[in-house]
């Protein structure tokens, strides 16, 4: 009598185990096994982190094991169970792996394919084709598009985190981690203690130091000591939390009438302002997008304001980027130009207004829109259009993990009406939505391609701008990621025709554009992919946006290149992963060496500090 050995691994998440009845059915190419009870309640199998093995006896050989069906039936009270993987040992001694990495909820059956990745055109039997389609049909019923606000990328159709499908919620451990980190952040920033400071005018520059009281590290202490100085102000546009706005100034805006006479004392070469501009020594940051955005008025007793500044920056002979002129509004008839030669506090306050505008842009556009919301678009389209057996699903799943969950939490607690944004930000009370809507009109697919974004701002030359570490490190991580993506997808696609014939990948791309981006004419997201190169670039954008770009404007915890959930089983893919990890390690070593001895080291793009996904 043939004997199959089934090994099942339970996850390490909190409450991942189960005391329910667990059944399994092996589906072979020739026959199916009987539905077999593996565990009874209170047998202490399927505990958290456990790996349990069972014999499944059948009357005759089943052929190649194609599918595995797992069922969990309630015993006393419903408890979810997280299954990591199932391995089947055949009577011939062969092992077949079935990745799961899913929660079994209620009394629903989960059907698994073996761990090999297949494109849709490579599935030949009706059995696997039907399984593939059924999986997508089920996902599309529970993962739906919804417009959170008009004129911005679409979101998941769920108002609360607890209403999300179980597999895209935070797992128990991550959920607790979110709550603890949220509370810790509030405590560290003393938001509760200093909330009245956000809702009233500050009377002393010393108030800023109170914000730093609970944030103690070498960089923060250095910033606290030097935040008033011009070199620190300029440096932050290169390597601060919003290093995406500075651009080469080749022509002054008509709305910004700076003259040579105004700034001549700040110029270090024997050149006119026009000559400095022609030589490539002038840079500009223009917050025109903030013009007309409503300031926060949630507290009727506190009048709040927003500026839409223009800041001219100069590269001196020591390659430091220094501010030389600031105008706090777009209308020059109503807004004077502030200069470093003005009174000490006039100039300092002008810089503070610029930094305030930079904060609003960073939080709402650079961070929320261009990493969180865009990654959610890719995530929803992936779940709706790519089954778990698709190689691109396996490639992307670690990089979109928890993104839908964190964004839903944000809409539930942070950027909702009366949320933290409304209490502590000048764009709260609806201004943040206006800002995201305006920024979406400028968002294009090409602007998400890191090299294109850098070049479009004229800041791609290391010789011209030698201290732009965000750019330098970003190039390295982008190239390593693109090389990794190329290595993986080339295993499954050996021609452009294979890409064009893949109906699922084409549906994924179209869903992201036509639904996620609502077919906005200006966005120029691809509606189809015609070549292998286009596919590689597209997937590189997805992974880079969710990992490195988010890390550069946020902070890191779960690191790039580490894939604890083994969705791929093929040796060539594992070799590509190892090659990727090696390259990332080399980049980490380079960055560590460069940072040694620096008072302001830049680690935000260091691979050992880049999260795999937008999960925080």
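The first residue you see is number 1, and the count goes up from there.
From the backbone N, Cα and C atoms, a Cβ is placed for every residue, glycine too.
What TrEMBL annotates here:
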- 17, 79, 80: Ca(2+) 1 binding site (BINDING)
- 39: Ca(2+) 2 binding site (BINDING)
- 367, 372, 550: Fe cation binding site (BINDING)
- 2-118: domain 'PLAT' (DOMAIN)
- 117-563: domain 'Lipoxygenase' (DOMAIN)
- 564-616: domain 'Lipoxygenase' (DOMAIN)
- 103: site 'Essential for stabilizing binding to COTL1' (SITE)
Q) Of 17, 79, 103, 372, 550, which of the recorded positions has the most Cβ neighbours inside 10 Å? A) 550
(Q) Can you tell me how many other Cβ atoms are located within 10 Å of the Cβ belonging to residue 80 (Ca(2+) 1 binding site)? (A) 19
Q) Rounded to a whole number, how many Å is the Cα of residue 103 (site 'Essential for stabilizing binding to COTL1') away from the Cα of residue 80 (Ca(2+) 1 binding site)? A) 6
Q) How many Å separate the Cα atoms of residue 17 (Ca(2+) 1 binding site) and residue 550 (Fe cation binding site)? A) 33
**Q.** 8 Å Cβ shell about 367, 372, 550 centroid, Fe cation site members excluded
**A.** 366, 368, 370, 371, 375, 549, 553, 554, 614
**Q.** Between residue 550 (Fe cation binding site) and residue 80 (Ca(2+) 1 binding site), the C-alpha gap once rounded to whole angstrom
**A.** 31
Q. In the same chain, outside 17, 79, 80, whose C-beta lies within 8 angstroms of the Cβ mean position for the Ca(2+) 1 site?
A. 15, 16, 18, 19, 20, 81, 82
Q) When a 10 Å sphere is centred on the Cβ of residue 367 (Fe cation binding site), how many other Cβ atoms does it contain? A) 20
Q: Pop the Cα-Cα gap between residue 80 (Ca(2+) 1 binding site) and residue 367 (Fe cation binding site) into the table, whole Å please.
A: 34
**Q.** Secondary structure composition of the domain 'PLAT' (2-118) [DSSP: H/G/I, E/B, coil]
**A.** 0 helix, 60 strand, 57 coil
(Q) Measuring Cα to Cα, how far is residue 80 (Ca(2+) 1 binding site) from residue 372 (Fe cation binding site) in Å? (A) 28
Q: Would you mind giving the whole-number mean pLDDT across the domain 'Lipoxygenase' (117-563)?
A: 88
